[in-house]
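Taken verbatim from TrEMBL:
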DOMAIN    70-409  domain 'PDEase'
ACT_SITE  171  active site, proton donor
BINDING   171, 172, 173, 174, 175, 212, 320, 371  AMP binding site
BINDING   175, 211, 212, 320  Zn(2+) 1 binding site
BINDING   212  Zn(2+) 2 binding site
Ligand SMILES: Nc1nc2c(ncn2[C@@H]2O[C@@H]3COP(=O)(O)O[C@H]3[C@H]2O)c(=O)[nH]1
Ligand SMILES: [Zn+2]
């Protein structure tokens, strides 16, 4: 059934999107791409450049040779029938703990039009806690990693509290729940869910859930410009993202919060799992965006060089910027929230006598135009590359399946 769904999905994607399509990704130097005449107003260009590019060298220095895993190897595994058999709900450990209304709502959790605001309403503001639990349970990870439910709920409660620390309109627990649910959709619809190991699945869900923990409601540029304690701590580099993932790991040390307590020594703190989670959260720094997309696009010219971990990072990043590709009502709600947050930062900048960041001036910002720029220059290229990756995993499987069918008939 899953193979059939993968094949149908891949065929649909190829038919509808990939015939004679040219992907246009701006160069790392975005201004060059945007410098021509076009509908993008100067302030929006400034925002794109300031937010989505980084001329700093990537200093993370992952030793790729050690754990290099290409998508090609995954394709081979898929062709050889080496799916990870994911048990959906077969062994759920505690569904009875969920309020019935929430349980009913989760029937739709694989849908791109899932209404996370409604979940938050019916769960009395516990959307993050319940999505975290539901996804771990759905993929049987609570049982496999012997995660104590008491710790899971204590940790989730601390996460929700951490997300509420600054009362942000956008970067709050609902956003984290939304990113985790959207990630789940991408994993399911692409078939990735069947070729990630349990540890990789856990790492991805965890990364989605913690990726904006204790977000200050202001941008990295704001932290740097105000020389905030966090900017000093992280030397102006991916300030917030470093804080999010660092806080998530530190929270595990709080009383009753260690959800990793029963992980085997091979699983955690293995370099692989920890590095993966750190890399995925750091990859949500929007200054890495154009570099990340461009690198993957060039990798796609030689699919054998595509790395699984890079694909996973792109998936989290795509889930993080999902709402412009969702239903209009959902998108509008998120946009309204984001704009409130941007304008509050602008107000603070005004008070401090700092230059106002792009899109943060409540008196001059053109929201509609900026959203068009965001969709054209950020969302579309990201999702184009993501679907190209999906196609690279599913494509050879589809081709072989078609050949087999032909031979059989
Ligand atoms: N301009 C604009 N930025 C967005 C939109 N959605 C998400 N973002 C930005 O993309 C960022 C992704 O990472 P964060 O969630 O930290 O913060 C998010 C916002 O800064 C949108 O609709 N418009
Ligand atoms: Zn986010």
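Using N, Cα and C of the backbone, Cβ positions are placed for all residues, glycine too.
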Message = Running a distance check here. Ligand 2 versus the binding-site residues 172, 174, 371: which have CB less than 6 Å from one of its atoms?
response = none
Query = What count of other C-beta atoms do you get within 10 angstroms of the C-beta of residue 172 (AMP binding site), across all chains shown?
reply = 24
Inquiry  = Distance check, please: Cα of residue 371 (AMP binding site) against Cα of residue 211 (Zn(2+) 1 binding site), rounded to an integer number of angstrom.
reply    = 23
Cα separation, residue 320 (AMP binding site) to residue 211 (Zn(2+) 1 binding site) (Å, whole number) = 9
Ask   = Should we count any of the binding-site residues 172, 173, 174, 211 as near ligand 1, judged by a CB under 6 A from one of its atoms, and which?
value = none
Note = Whole-Å Cα distance, residue 212 (AMP binding site) to the residue listed as 'active site, proton donor', is 7
Query = With the Zn(2+) 1 site defined by 175, 211, 212, 320, which remaining residues of that chain have Cβ atoms positioned within 8 Å of the Cβ centroid?
reply = 171, 176, 179, 208, 215, 244, 284
Ask   = Of 212, 320, which of the binding-site residues has the most Cβ neighbours inside 10 Å?
value = 212
Ask   = Same-chain residues six or more away whose CB lies under 8 A from the CB of residue 171 (active site, proton donor)?
value = 163, 212, 215, 217, 341
Message = Taking every protein chain in this structure into account, which of the binding-site residues 175, 211 has the most other Cβ atoms within 10 Å of its Cβ?
response = 211
Task = Please give the average pLDDT for the domain 'PDEase' (70-409) in this predicted model.
result = 92
